[in-house]
Structures are given as C-alpha cells and as structure tokens.
C-alpha cells in the first residue's frame with residue numbers, strides 16, 4: 001500500500017471507544033484514509049454525513065467504525081433482540097461483504113450483526129435475527145418482509161447507513177428506503193450516513209429529506225477513474241473482439257482480473273472461450289444462485305480463479321483485493337458504471353490497468369463516458385495478424401443444476417506473439 005493513500009490523521013487521534021480502537025489497531029489500521037479522516041470526526045460527534053469518494057478508499061470502514069462507536073457510547077436497548085442499527089445495500093453481495101468487514105469489530109465489541117437479503121438463506125437469517133442482533137445489514141426487499149411480518153421492529157434504531165446510495169436510488173428503491181426510514185425514529189433522534197462513489201445532486205437532495213442537517217464530505221480525485229489506474233482503449237471489429245481479448249490476456253498476463261460485459265449471454269460466450277483456452281475462470285451473472293455466487297467470489301478472492309467474467313452485479317461494492325486488470329469487453333450503457341467497473345482495480349493505493357473495447361455495438365457509449373470522466377481514454381492499435389486463433393468454446397448446459405460456473409486448469413501459458421500495440 002502506498003503511503004500517500006493515507007491521511008496524516010491516526011485513528012488514535014479520534015475519540016473512539018476503546019474497544020473499537022483496539023480492534024482497528026490489532027488489524028493494523030493506524031492512519032485513516034482521506035474519506036475516513038473527513039467523515040469520522042463528524043459522525044463520531046453524532047452529525048449526519050454524506051460521503052463521496054472513489055471505490056477502494058475506505059468508505060465501508062468509515063461507516064462501520066462510526067456505527068460501532070455510536071452503539072457502544074449511546075444509551076439504548078443494549079442486549080435487546082431488536083436491531084439498533086440498520087445498514088442498507090443495493091445488492092446481496094455487498095450486504096455479505098459489509099458483514100464480513102464488520103467481523104473484526106463484532107469480535108472485539110460483542111455486538112452482533114445479522115443479514116437480511118433475498119435469494120436464499122431465509123431460515124438461517126430468520127434464526128439469527130430472532131436470537132437478537134444489534135446491527136441489521138441487508139437489502140431493502142428482505143428487510144421490508146421482516147418488518148411487515150413483525151419479526152423486525154425499527155423503533156429502536158439509532159444508526160442508519162445507506163451504502164452505494166446512488167445505486168439504490170437508480171434501481172428504484174426510493175419508495176422502499178423511505179418506507180423503512182419512516183419506521184425508524186425521526187432523523188433528529190438517529191445518526192444517518194450515506195456513502196457512495198458517485199452521489200448526484202438529485203440523489204443528495206432526495207436523501208437529505210430524511211437526514212438531519214447533514215455534512216457533505218468529498219474526496220476530490222485527480223480524475224473520476226483514479227490516477228493510479230492506467231486506461232487503454234481499443235476499437236476492435238466484432239469479428240476481432242474475442243480474439244483480441246484472448247491475445248491481451250496472454251500478453252498482459254493479469255494476476256487477477258475481472259471482465260465485464262453488458263448481458264448474461266455475452267458473459268457466457270466469454271466464459272466459454274476462456275475456459276476452452278485453459279484459463280481458470282468463473283462466471284458471475286444475475287441468475288447464478290446466491291450460494292454459488294458466494295462460492296465463486298471466495299474462489300476468486302483466495303486465488304483459485306484468476307478471471308471473473310461478470311455483469312454489473314459485481315461492479316458495486318465488492319471488496320476484492322489485488323485485482324490487477326479490468327476489461328470492459330462491452331462499454332457500459334450507464335457512464336457511471338464505467339467508473340464503478342474500473343474501480344475494481346487500483347484499490348487501496350495500489351496501481352491497476354483498465355482495458356476497454358469500443359466495438360461497433362457499444363462505441364456510441366464512449367462520448368458520454370469520456371465527458372463524465374473529463375478526459376479521453378488513450379487509444380491503442382492492434383495488429384490483426386498477431387491475434388490468437390480462437391478455440392472451440394465450451395457451452396453451458398441449460399437445465400442442469402450441476403452445471404459449472406467455473407473452470408480450472410493447470411495449463412502453463414507461453415506467450416505466442418506480441419500484439420505490437422501503438423499508442
């Protein structure tokens with residue numbers, strides 16, 4: 001980790017509860033990141049905060065630290081079964097990741113977290129909640145289910161967190177969020193925090209209706225995409241696109257990379273060619289069962305898979321370290337998704353590489369993306385003669401519950417030729 005990624009403010013300089021501080025120090029957290037340095041002095045003082053910073057800058061630990069501190073220092077129904085904090089996320093994967101990140105603080109403080117998300121695990125989640133939780137982490141739909149059934153009451157809530165708030169609004173969760181917030185104590189009687197990599201004025205205005213005179217903090221990046229991310233753009237024909245991807249993978253030799261495409265079927269095509277070419281590759285799309293998703297992410301995080309092919313379900317909030325490369329096989333239709341996609345690399349002060357394809361189908365999305373990020377993406381040329389020959393792709397068998405979403409190989413690669421890139 002690069003030293004200039006951190007601020008000059010130490011966690012020990014903050015008025016943190018001693019159990020929270022001890023947990024952070026034991027984990028090796030000494031200096032705050034910039035977003036933590038700006039937001040924590042306010043949230044620890046009980047002020048509502050809306051924080052905007054790029055992905056991988058410590059937003060999750062900023063609101064978790066404030067949440068645990070608040071529950072430990074404020075009067076409340078300690079030891080009760082109903083939650084005292086509510087953390088809402090737009091996706092199941094992000095909710096699970098937040099819960100995992102909270103583990104170091106739950107272990108040190110004795111506070112309990114519980115998960116509430118759709119898809120599967122209903123009975124397991126219900127059992128944990130009925131045994132009593134201090135912090136409920138989940139997606140809006142499942143939390144509303146529990147509230148309407150009378151399983152969860154929100155009248156004891158002291159802290160509310162909306163993570164990736166703009167995404168929650170974009171996905172149409174405004175009514176759900178407001179329903180849940182109306183079940184909580186009034187804004188004046190709770191701490192409310194918003195965090196996201198992008199936070200539009202419209203979203204900020206809507207969100208602030210349910211906050212108490214919030215402070216807005218922003219870490220202004222040198223550029224929206226992060227100055228440690230090397231960006232590169234190719235203009236392949238549809239015919240060359242897959243061969244170019246395979247050639248670049250062999251030339252770049254990424255230690256760990258994510259390849260984004262806009263549709264499930266396109267992701268499956270990419271997975272098929274990469275698996276046939278001997279890559280250790282996983283497939284993450286919206287229809288993959290939750291248990292399988294978590295298994296794939298675990299394999300990817302632990303290094304058993306080198307490549308993850310995904311739709312934008314993986315672009316938000318997932319804390320996967322050491323992703324060296326991101327490929328935009330398709331340019332996203334939403335310009336903000338470009339920022340979130342390539343934000344999977346260059347995290348926590350490390351460098352990263354982003355390679356995008358402006359093909360015949362999605363090149364029209366490029367002007368809006370470059371306008372949003374306020375710079376042109378450097379263009380490279382490729383030598384058609386240097387492209388690899390495509391293997392016969394694997395195909396996913398439909399209707400087979402045991403069909404694999406990952407492929408493993410012991411293949412040792414030999415770089416076949418140079419692509420002769422010209423910048």
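In case you wondered, yes, glycine gets a Cβ from its N, Cα and C as well.
If you look up Swiss-Prot, you'll see 9-37 marked as motif 'Q motif'. Helix, strand and coil counts from DSSP across the motif 'Q motif' (9-37) read 16 helix, 2 strand, 11 coil.
According to Swiss-Prot, the feature domain 'Helicase ATP-binding' maps to 40-217, an assignment based on sequence analysis.
For 53, 54, 55, 56, 57, 58, 59, 60, the entry in Swiss-Prot reads ATP binding site, with the evidence type sequence analysis. Reduced to three states, the DSSP call for residue 60 (ATP binding site) is helix.
Under 8 Å from some Cβ of the motif 'DEAD box' (163-166) lie the Cβ atoms of residues 50, 59-60, 63, 87-90, 94, 98, 194-200, 203, 207, 316-317, 336, all in the same chain and six or more residues away from its ends. The annotation motif 'DEAD box' is assigned in Swiss-Prot to 163-166.
Swiss-Prot lists 241-388 with the feature domain 'Helicase C-terminal'.
Positions annotated as region 'Disordered' by Swiss-Prot: 397-423.
Here Swiss-Prot flags 400-410 as compositional bias 'Low complexity'.
Under the heading compositional bias 'Basic residues', Swiss-Prot lists 413-423.
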Where does residue 53 (ATP binding site) sit by DSSP, helix, strand or coil? coil
Can you tell me the mean pLDDT for the domain 'Helicase ATP-binding' (40-217)? 90
